[in-house]
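Trainee: A single structure is presented below for examination.
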């Protein structure tokens, strides 16, 4: 800590600069979205665990994606709802750092899981005869664990670099949760290294993962076009198109937020883009998979019919 500066012990999240009536409206709307996130992803997890036909590598990774989406929403949305009800209620420094660390961990993990899922589809469609020998359960578990461990370690790097910084005021954080770039703006010390690390992490993880995913799907598209069976081609395209929707939503918003130069987009615009990224993406992911995936639809129908007849 530097000299005679008094370190602040809490932050005040400014959230959304709106009137009380609109705040209550948003509270109800975001609460509804939060319930949809928990129900949607929880349903995906339940269907995969209960139906043995979904005990395949693709759905194994999809279940991990559902867990990440739930965890990511739980790390940000409750605090957002508290801010809407009690705009003047501060968050402690420790709470802010914890929230930032958890969000970064889950965001990095989701980024890596999407790469793993694209690789799984690449092997399934481009090398179908070798799929069972390549994507063994040992390999699947290793890939999933690696995604989680790397996600946590990458977030830990940012946290370790941020904790030594002094925060002497102001304590007003222009965001709806403790986002790393918004927190860095309140530091009284030089944050150049931190900003470089955020950019380096975004370029290496986000851009690297994005291009890896694109390369996988280019190969997949070429393989799909060669499939002679119309039904096989339609099934492969249906599965991959749902994956591409999720990939496009995730990487598109994340790259604009952390890779695009700061002067290209207004700060408020990026704040609302992050709202979409942290609130709407986890809600849309299970909808995309359930609406575009006949296997998930079939499992859901069987479960509902079984419940009616019992």
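For all residues, glycine too, the Cβ spot is worked out from N, Cα and C.
Since we're looking at a predicted model, the values are computed, not measured.
According to Swiss-Prot, the protein has these features:
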- 96-188: disulfide bond (DISULFID)
- 4: N-linked glycosylation site (CARBOHYD)
- 1-24: topological domain 'Extracellular' (TOPO_DOM)
- 49-56: topological domain 'Cytoplasmic' (TOPO_DOM)
- 79-99: topological domain 'Extracellular' (TOPO_DOM)
- 120-138: topological domain 'Cytoplasmic' (TOPO_DOM)
- 158-195: topological domain 'Extracellular' (TOPO_DOM)
- 219-235: topological domain 'Cytoplasmic' (TOPO_DOM)
- 259-271: topological domain 'Extracellular' (TOPO_DOM)
- 292-310: topological domain 'Cytoplasmic' (TOPO_DOM)
- 25-48: transmembrane segment (TRANSMEM)
- 57-78: transmembrane segment (TRANSMEM)
- 100-119: transmembrane segment (TRANSMEM)
- 139-157: transmembrane segment (TRANSMEM)
- 196-218: transmembrane segment (TRANSMEM)
- 236-258: transmembrane segment (TRANSMEM)
- 272-291: transmembrane segment (TRANSMEM)
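On this model, are these features tucked inside or out on the surface, and what's nearby?
Mentor: Cβ atoms under 8 Å from those of the topological domain 'Cytoplasmic' (49-56) belong to residues 63, 295-296, 299, 302-303 of the same chain, restricted to positions at least 6 beyond its ends.
Averaged across the topological domain 'Extracellular' (79-99), pLDDT for the predicted model comes to 88.
Under 8 Å from some Cβ of the topological domain 'Cytoplasmic' (120-138) lie the Cβ atoms of residues 57-58, 61, 216-217, 219-220, 223-224, 236, 239-240, 243, all in the same chain and six or more residues away from its ends.
Taking Cβ pairs closer than 8 Å, the topological domain 'Extracellular' (158-195) reaches residues 1-2, 5-8, 10-16, 75-76, 79-80, 83, 90-91, 93, 95-97, 99-101, 103-104, 201, 258, 267, 271, 274-275, 278 in its own chain, all 6 or more past its ends.
With a cut-off of 8 Å between Cβ atoms, the residues of this chain six or more beyond the transmembrane segment (57-78) that come close are 30, 33-34, 37-38, 41-42, 44-45, 48-49, 99, 102-103, 106-107, 109-110, 113-114, 116-117, 120-121, 124, 135, 137, 140, 143-144, 147-148, 176-177, 239, 246, 278-279, 281-283, 285-286, 289.
Long-range Cβ contacts of the transmembrane segment (100-119) within its own chain (Cβ-Cβ under 8 Å, at least 6 residues beyond either end) map to 58, 61-62, 64-65, 68-69, 71-72, 75-76, 143-144, 146-148, 150-152, 154-156, 158-159, 162, 177-180, 183, 205-206, 209, 212-213, 216-217, 243, 246-247, 250-251, 254, 278.
Taking Cβ pairs closer than 8 Å, the transmembrane segment (196-218) reaches residues 108, 111-112, 114-115, 118-119, 121-122, 154, 157-158, 161, 180-181, 184, 240, 243-244, 247, 251, 254-255, 258-259 in its own chain, all 6 or more past its ends.
If one looks beyond the transmembrane segment (236-258) by at least 6 residues along the same chain, the residues whose Cβ comes under 8 Å of a Cβ in the stretch are 58, 65, 107, 110-111, 114, 117-118, 121, 125, 181, 198-199, 202, 206-207, 209-210, 213, 217, 220-221, 223-224, 227, 265, 270, 273-274, 276-277, 280-281, 284-285, 288-289, 292-294.
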Trainee: Please identify which of 96, 188 has the densest Cβ environment, defined as other Cβ atoms within 10 Å, among these disulfide-bonded residues.
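Mentor: Of the disulfide-bonded residues 96, 188, the most buried by Cβ count within 10 Å is 96.
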